[in-house]
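Enquirer: Take a look at this one; I'll ask things after.
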Amino acid sequence: MTSLLPALVVVPALVATLVAVVPRLGAVAAGVTALAGVIAAVALTLQVSTDGPVVVELGGWAEPVGIALRADGLSAAFVLVTAVVVLVVTVFASGSSAARGTPFFWALSQALWAGLNAVYVAADLFNTYVALELVTVAAVGCVALGGRSAAAPAFRYLLVAVAGSLWFLLAVALLYARTGTLSLRLVQDALRDPTDDGTLVATVLILATVGLALKSALVPLHAWLPPAHAGAPAAVSPLMSAVVIKASIFVLYRLWTSLPADAATTALAGLVGAVGSVAVLWGSLAALRQARLKRVVAYSTVAQVGYFVLLLPLLVPALQPEADDAARAVAELAVQGTVAMVAAHAVAKSAMFMAAGCLLHARGTDEITALRGAVVTNPGAVLAFGVAGVALAGLPPALAFSGKWQLLTAVLESGQWWWLIALLGGGLLTAAYTVRVLAVFFAERETGAGTDTDTDTPVPVRMTVATLGTAVAAGIAGVASAGWLATTTVGVF
């Protein structure tokens, strides 16, 4: 079973090479690989839940000489979520003439998947950095497939991602200069010196957090995201929103949980949480003001990133040497709740972007005012958007409800009640921008030249089925999530 870890990276990379050389195999090869990837991700999750963290030393060489891969509960969760998203997007893209007509889509999407999995299973910071760069290159290439209108957003995304990488690389260099290793396990051991005043750790966390915030579009470093996500092709936007930004979020979690905590890092975590709260509210308000459907969903992603960093102020107190069982219980609740939010966002946002892609395919535009009467002409896409929006807002039995419930419990048990403003306010604003869009969909379509319902382009069945299936999954995934969420903290602390 340990061979699963290298296969998670190698197989998509090989498929990317294959379909780049033989483009006509793209849809079939990607589909088979995506299905196999979901099966492998489920198997990895079961193995971690049964046996604990999985470690593979490539070539039989131990760290720090060799390269190790490691998967704990957090890694397995991100691998599984990514595999599910890749599968549904593959089905959606196989029905999209735009994706089928772009020979590099399948190669880039498979390379992107390989990079994401490499991020999740890397056991050292050097390979984490390399994997992040692979994700960046593939993601920028995917955005650029949108044509001339996407060229500027793709280039801006590239510049921001490179800037983020430089900040992160500087943090890695400081750690290496101090510890002489890039293995996260060995770095953790080297920094357990009780005489260390914590200045190095705080500096590293500041540099890395800024760099990763750039890559994940945390407010106020988010300006690149809406144009990139809205300008990308319909089959690319779900990948960008649902999984690409998660790579940086994952590395953020991994770094913070691997370094020792003290009063300074606790204060820094509180600052990051405050920025996240602003992101939740500001991103949601911005989504309410957008005139294009894909930009509504893009700004919604800006808001959701804020939720993800709310984990830090709830987690860091449990990492301090004097932490008690109550703090650790709060941290476990917070991790499980945040992973639920990450998964809920990935599935719901995939459905929302795919619904927007269906409507764009049908009407030739995603201007919201031009989508009046969409409930009559494209009921499947409208239903999917509505269900996904409600699920994202956190209504039961959605997975987001389970996540918010656990985060609310963690917030109250920790005494940090002020985070409730973002948790509750964000849910209400999510419902508001969803209802605003649905109101237009249900409005009567204007009559006149060029507005007859016959002018809508038929949406391929596979696109509609993938969109509806993903939305339904987002709406009901919370029903059976407790057992899975319990595995997400295995080996994390």
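Heads up, the Cβ atoms here are built off N, Cα and C, so glycines get one too.
Below, the features straight out of TrEMBL:
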type	residues	note
DOMAIN	122-429	domain 'NADH:quinone oxidoreductase/Mrp antiporter transmembrane'
TRANSMEM	73-92	transmembrane segment
TRANSMEM	104-123	transmembrane segment
TRANSMEM	129-146	transmembrane segment
TRANSMEM	158-178	transmembrane segment
TRANSMEM	198-218	transmembrane segment
TRANSMEM	230-253	transmembrane segment
TRANSMEM	265-285	transmembrane segment
TRANSMEM	297-319	transmembrane segment
TRANSMEM	339-362	transmembrane segment
TRANSMEM	374-397	transmembrane segment
TRANSMEM	417-443	transmembrane segment
TRANSMEM	464-486	transmembrane segment
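Please situate the listed features within the shown structure.
Expert: Packing against the transmembrane segment (73-92) from elsewhere in the chain are residues 8, 27, 30-31, 34-35, 37-38, 40-42, 44-45, 48-49, 53, 109, 113, 116-117, 120-121, 234-235, 238-239, 242-243, 246, 250, 253-254, 335, 339, 342-343, 346-347, 350, 354, 357, 462-463, 465-467, 469-470, 484, 487-492: each is 6 or more residues past its ends and has a CB under 8 Å from a CB in it.
Nonlocal intrachain contacts for the transmembrane segment (158-178), taken as residues 6+ away from its ends with a CB within less than 8 angstroms of a stretch CB, comprise 125-126, 129, 132-133, 136, 139-140, 187, 190-191, 200, 203-205, 207-208, 210-215, 221, 224, 248, 251, 255.
For the transmembrane segment (198-218), the list of distant contacts is 132, 136, 160-161, 163-172, 174-175, 178, 191, 224-225, 245, 247-249, 251-252, 255-256, 259-260, 262-265, 268, 272, 275-276, 279, 301-302, 305-306, 308-309: same-chain residues at least six beyond its ends, Cβ to Cβ under 8 Å.
Within its own chain, the transmembrane segment (374-397) has Cβ neighbours under 8 Å at 300, 304, 344-345, 347-349, 351-352, 354-356, 358-359, 362-363, 403-404, 427-428, 430-431, 433-434, 437-438, 440-442, 445, 453, 456, 459, 464, 467-468, 470-472, 474-479, counting only residues six or more beyond its boundaries.
Proximity of distant same-chain residues to the transmembrane segment (417-443), defined by a Cβ-Cβ separation under 8 Å and at least 6 residues beyond the stretch ends, is recorded for 273, 276-277, 280-281, 284-285, 287-288, 293, 296, 300, 303, 306-307, 310, 313-314, 368-369, 371-375, 382, 385-386, 389-390, 392-394, 404, 407-408, 411.
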Enquirer: Per the 3+ Cβ pairs under 8 Å rule, pairs at least 6 apart in sequence, do the transmembrane segment (297-319) and the transmembrane segment (129-146) touch?
Expert: no
Enquirer: In the same chain, which residue numbers or ranges, 6 or more beyond the ends of the transmembrane segment (104-123), come under 8 angstroms Cβ to Cβ?
Expert: 5, 8-13, 15-17, 19-20, 23, 26-27, 29-30, 33, 37, 55, 63, 67-71, 75, 78-79, 82, 86, 89-90, 93, 130-132, 134-135, 137-139, 141-142, 145, 183-185, 233, 235-236, 239, 243-244, 246-247, 250-251
Enquirer: Which residues of the chain, 6 or more past the ends of the transmembrane segment (339-362), have a CB below 8 A from one of its CBs?
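Expert: The answer is 74, 77-78, 81-82, 84-85, 88-89, 92, 96, 229, 234-235, 237-238, 241-243, 246, 249, 293-294, 297, 300-301, 304, 307-308, 371, 374, 377-378, 380-382, 384-385, 387-389, 391-392, 398-400, 402-404, 406-407, 456-460, 463-464, 466-467, 470-471, 473-474, 477-478, 481, 485, 488.
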Enquirer: In the same chain, which residue numbers or ranges, 6 or more beyond the ends of the transmembrane segment (230-253), come under 8 angstroms Cβ to Cβ?
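Expert: Beyond its ends, the transmembrane segment (230-253) has Cβ neighbours at 74-75, 78, 81-82, 85-86, 88-89, 92-93, 96, 98-99, 102, 105, 109, 112, 115-116, 119-120, 128, 131-132, 135, 139, 142-143, 145-146, 149-150, 153-154, 164, 168, 208-209, 212-213, 215-217, 292, 294-295, 297-298, 301, 305, 308-309, 311, 342, 345-347, 349-350, 353-354, 356-358, 360-361, 366.
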